[in-house]
């Protein structure tokens, strides 16, 4: 049984004409690193929230289909169970803050405290998360005074402190300057190997750094599903993402035969950038 | 009573909107308070109880960080939220002119609650704008309660009408995906 | 690893001033009860009593290291109130004992009353100031968590406290940016009315734009999964403080209640 399964999911916002998601189906296995590529306004955030079990919510319901983890529909999960199974980090750094923690420590401890874990366990979790995300020196800072990059590291730390099996990253670097983005990506590469990661992106660079399997979300459906080279060279990908540079890069790899079968993925960030020679403007 | 998390977050944001509104009115030197925009917004979106609590919390938080005197007027802020919510439930926030009239109506009970606090706790003064109006009315021979009531009512009617209008404009421009989970807002839809 | 140092965590917008005094170390509930007792005392004491209360509170605030901030705030708030009280009660309200001084008529009774109100408000204000300058809101919230107060209540108070400062900064940034672009913020009535939505709307939109995301984040972090949360670094409490609070609450209720009974 797949760890995370999306089954024929169709969704529209109330009073909206167009379906945001129109029959999305795919599954994610334990330990996989998946990138879902999609143009802006292509339904990434909506899909991310469905994957993370944050939808359905009130009047926001599926037209058809559902998302399940470990074979159980998200609607059947208790909030405490679900938050220990999956975590979500979104785009805008300041919006990822809980908004009720006075310090970095409290921000990371917020989730574990809500689980009513023993104090020692909470401390151990916060400690570990701060180490992984390199936040020790900021422990007493007010989260809202941190830089965007620091806030994103903080929200990933807070997510990790919940000890999830799956981490959903919705364009985690899109609001960061190039330097903070690279720092964050380097940090993400250090995440524990057993963690299943799904990253939803419009940009190629973070996807390449993190994922070994690529999906293209196009017009509310999954158009392509496979290794990087399949998606990169797929005409719809090039069209929808509108990044000619990628086409170029993709072709180059293909022509050179340098990234054909047998070449292990994921690449490291440096590796990917070098191979692709992705210009900075492309992200 | 248990608000869902989204309503709680709205209420917290509304407290911030209230305080920022008050600060902006202050640095524009407008003769209005504009410190209830968030309260009335919540009243429109989530009902009288949520609106009332937003008002109450605003003044308590204001007391904590800026001016403890604000805490004494917490009951007034509560009444503003509750009455605006009741008017919204009655369908009196559907159009801009209804909202403006509703705002003016809200001013009446809020003044009725404010006057005893001003008169009995603060001896009829607040250290602010209406004191001048009250002083004038006193000078022309009104009683203290009347002077305080009239001076505050006048400013309140103008203030709450503008406030309610702003809240209505904000609410009507909110994206559907944001408002669709606030069922109470149906009372204010045309 | 300690999250103890509140020095760095102390936000500028808060009236809280870090320190090591007894009041700082007291359980936040104890400080809260002291405040409530002082307010109730101020409500019933005669002028001499409230004046002593004010002086005592100022002395305590000096001793706890929060004096400068409290007294400054006290003066800022009380000066206009004091002036207005003197004008309204000493000069404007007609009383039988008014003595004509040519231009104005002064009433000693009115001035007495003005002083009474002034001292009462000042005592209540000092009570509140002593509490907020020595109690960090996060400690207060922990104390509430510990008492089993629902997490939603804590959120409603904590979140605005944290968000005000970034938003105030943003408001100032927008104001300055608009001023550079020629928006008239000090000119005529009309100009300032026009400026209002330009300053206000972006901030309101911004405050509300966080809503969806923050709801997701809180739900993802198991917010309100259980009626009680774990409290880290729970504020210290003692049997002495528990009894002290009980007695003080009883005294506060009695001192309010007895004068009421007297009236009937």
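The backbone N, Cα and C atoms fix where each Cβ goes, and this holds for glycine too.
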Using TrEMBL as the reference, determine which range in C:74-93, C:134-153 is annotated transmembrane segment.
C:74-93
If we call contact 3 or more Cβ pairs under 8 Å (sequence gap 6 or more), are the transmembrane segment (C:113-132) and the transmembrane segment (C:243-262) touching?
no
Take the transmembrane segment (C:243-262) and find every residue of the same chain, 6 or more past its ends, with a Cβ under 8 Å from one of its Cβ atoms.
29-30, 33-34, 36-37, 40-41, 43-44
